[in-house]
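According to Swiss-Prot, the coiled coil annotation covers 165-196. Residues or ranges marked as compositional bias 'Basic and acidic residues' in Swiss-Prot: 1-10, 107-142, 213-225, 373-382. What Swiss-Prot lists as compositional bias 'Acidic residues' is 383-396. The SUMO1 cross-link feature in Swiss-Prot is assigned to Lys30; the stated evidence is a large-scale study or a structure entry. Per Swiss-Prot, SUMO2 cross-link is recorded for Lys30, Lys108, Lys223. Positions annotated as SUMO cross-link by Swiss-Prot: Lys30. Taken from Swiss-Prot, the feature phosphoserine applies to Ser35, Ser49, Ser52, Ser54, Ser58, Ser99, Ser153, Ser202, Ser394. Here Swiss-Prot flags Thr57 as phosphothreonine, drawing on a large-scale study or a structure entry. Annotation source Swiss-Prot lists region 'Disordered' at 1-227, 373-396.
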Amino acid sequence: MKAVKSERERGSRRRHRDGDVVLPAGVVVKQERLSPEVAPPAHRRPDHSGGSPSPPTSEPARSGHRGNRARGVSRSPPKKKNKASGRRSKSPRSKRNRSPHHSTVKVKQEREDHPRRGREDRQHREPSEQEHRRARNSDRDRHRGHSHQRRTSNERPGSGQGQGRDRDTQNLQAQEEEREFYNARRREHRQRNDVGGGGSESQELVPRPGGNNKEKEVPAKEKPSFELSGALLEDTNTFRGVVIKYSEPPEARIPKKRWRLYPFKNDEVLPVMYIHRQSAYLLGRHRRIADIPIDHPSCSKQHAVFQYRLVEYTRADGTVGRRVKPYIIDLGSGNGTFLNNKRIEPQRYYELKEKDVLKFGFSSREYVLLHESSDTSEIDRKDDEDEEEEEEVSDS
């Protein structure tokens, strides 16, 4: 047995020297199953020590013995090498790596394909971009050619300038005609306003010169009216929910004299009315807003106003002074207001003086205006006579 082992060792040494490496049979079978493809030729790695080291004597003997058995029937898997040993296996990297070699080649091919694809895309894109640029350049050239032709046509003396001048003259003539037409319209409107015929005439249709009159008839616009509508006055001049027709003037004042109204019905004396506490008194049939109610049916709801006003007057020496005087104004009543048995005009102030008599509508009552310093002897006499008549009637 020892002789057989020594012969095998010698054979293995010779094969190592010749460059043929004999691997265990089990390892070769395993590699054939995993990698059916042809592996690249194994490159022999040079030994750092200079010579090819021979495996230990015990291992090749065992491997050779097992190899003889594997040649016959044995298919048992080979023993795994101890990872703790610092020695590396002398098999090339291609045999050590169990993963298929073509996977790495595919990865390299994919990496190499990317720049090729980019170049192809650029080649596909470049012709479209070049065509677009060519189209732009052609458009610019056309535009430049048109502009150059226009400039040359304008610079040329002849038909182009003549047509432009004719158009300008036609436009100027049309503008002048329109101006004349509108000036004539304005003159007509001014004449109508001066005569006083505005309103309905201002809405007449005025035909424009030239062309069909039916298509170009323009209605004249209505002029705005700046008159007072009275809406603001109604909003500000309401009392107890009723709109008052009258508004006091800026010169309204409260008098210093104590004026009074003495009403009489036929010869009967009625209670005295003191009218010096306000600047104005409204007389009418509407008791809700009237300061001095008048119950006669011939009187209006807002019949008249008794107003105090501050007015100027000239003294005896020629100087100008101011004084508060009483006035009466009719508010457009139906049956009118009478001052000393004379009807006064509506919406107009009339100055009142001492002992003036006022009557409203068809009422039989008379109102005599007096103040505190006026002579009331006649009224006192009438009162005494009335008292005597009452006593006589009572005695009889």
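Note that Cβ sites are derived from N, Cα and C of the backbone, with glycine treated the same way.
Its Cβ taken as reference, Lys223 (SUMO2 cross-link) is surrounded by 11 other Cβ atoms within 10 Å in the chains shown. Averaged across the coiled coil (165-196), pLDDT for the predicted model comes to 86.
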